[in-house]
């Protein structure tokens with residue numbers, strides 16, 4: 001029973017390992033939470049945690065690189081890396097967006113980033129944004145003598161289009177791309193993570209849509225589970241909101 005709650009119980013469920021496809025977060029989630037949440041016998045259900053056997057974890061590639069490789073790429077050690085999201089995130093032309101990126105990087109930031117829904121809209125197509133951001137990046141690098149980065153959002157409507165954007169980012173020579181892993185899907189995210197590892201790109205992850213799944217305390221999936229799934233699927237770091245800002249969170253964490 002759950003302390004202080006009526007008709008709530010904690011259940012521990014174990015599954016044979018052979019029920020799961022190796023290296024597939026998609027299959028793991030389909031098997032564990034794909035159907036049970038819809039059972040009419042349940043009023044609510046929440047997946048609080050997963051304990052994943054080491055033998056299964058080892059079938060996943062995991063993060064493309066990690067913090068040490070990121071610091072080596074940037075040649076920045078012994079301090080936090082400081083960045084910001086470009087605002088207003090929607091409505092700027094690609095040229096004005098690139099200007100904002102330049103001013104932030106020239107002013108001292110290590111990184112700037114696209115926001116989660118900056119994809120390829122009529123006012124700013126993705127290729128134009130990538131080109132102007134790369135120009136801003138290299139201009140700021142030349143003037144400061146530091147290695148800079150901009151998280152180019154490769155999220156797209158199809159996996160093929162997503163990969164096209166990631167490939168173009170690599171051709172421009174930028175150090176990092178980003179992806180919305182929940183709205184984009186685990187299959188797409190894992191494919192992108194594999195490409196990033198093979199081609200030396202860092203991968204930043206945005207958690208857009210997470211609160212639909214994890215915010216209610218008596219139903220859904222705890223974010224620790226979504227974070228474990230992401231670590232298996234692949235991502236070098238994840239957006240978590242500002243320390244004190246507009247997003248819901250526990251202050252003591």
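Including glycine, each Cβ sits where the backbone N, Cα and C put it.
Swiss-Prot lists 35, 85, 89, 207, 239 with the feature substrate binding site, giving similarity to another entry as the kind of evidence. Non-local contacts of residue 207 (substrate binding site) by the CB criterion (under 8 A, 6+ apart in sequence, same chain) comprise 180, 181, 182, 223, 226, 238, 239, 240. Mapped onto three states, the DSSP output places residue 207 (substrate binding site) in coil.
Listed in sequence order, 115 are the same-chain residues at least 6 apart in sequence whose CB falls under 8 Å from the CB of residue 87 (active site, proton acceptor). Among the features that Swiss-Prot reports, active site, proton acceptor is placed at 87 (among others).
Cβ neighbour count for residue 116 (Mg(2+) binding site): 21 (other Cβ atoms within 10 Å of its Cβ, all protein chains included). Among the features that Swiss-Prot reports, Mg(2+) binding site is placed at 113, 115, 116.
Its Cβ taken as reference, residue 113 (Mg(2+) binding site) is surrounded by 25 other Cβ atoms within 10 Å in the chains shown. In the three-state DSSP scheme, residue 113 (Mg(2+) binding site) falls into the strand class. According to Swiss-Prot, the feature N6-carboxylysine maps to 113.
Around residue 206 (active site, proton acceptor), taking its Cβ as the centre, 25 other Cβ atoms fall within 10 Å, counting all chains. According to Swiss-Prot, the feature active site, proton acceptor maps to 206 (among others).
Per Swiss-Prot, site 'Transition state stabilizer' is recorded for 246.
Neighbouring residues of the recorded Mg(2+) site, listed in sequence order and excluding 113, 115, 116, comprise 85, 89, 114, 117, 118, 151, 153, 178, 206, 239 (Cβ within 8 Å of the Cβ centroid). When the neighbouring Cβ atoms lying within 10 Å are counted for each of the binding-site residues (35, 85), the highest count belongs to 85. The recorded positions close to residue 116 (Mg(2+) binding site), defined as a CA atom within 10 A of its CA, are 89, 206 out of 35, 89, 206.
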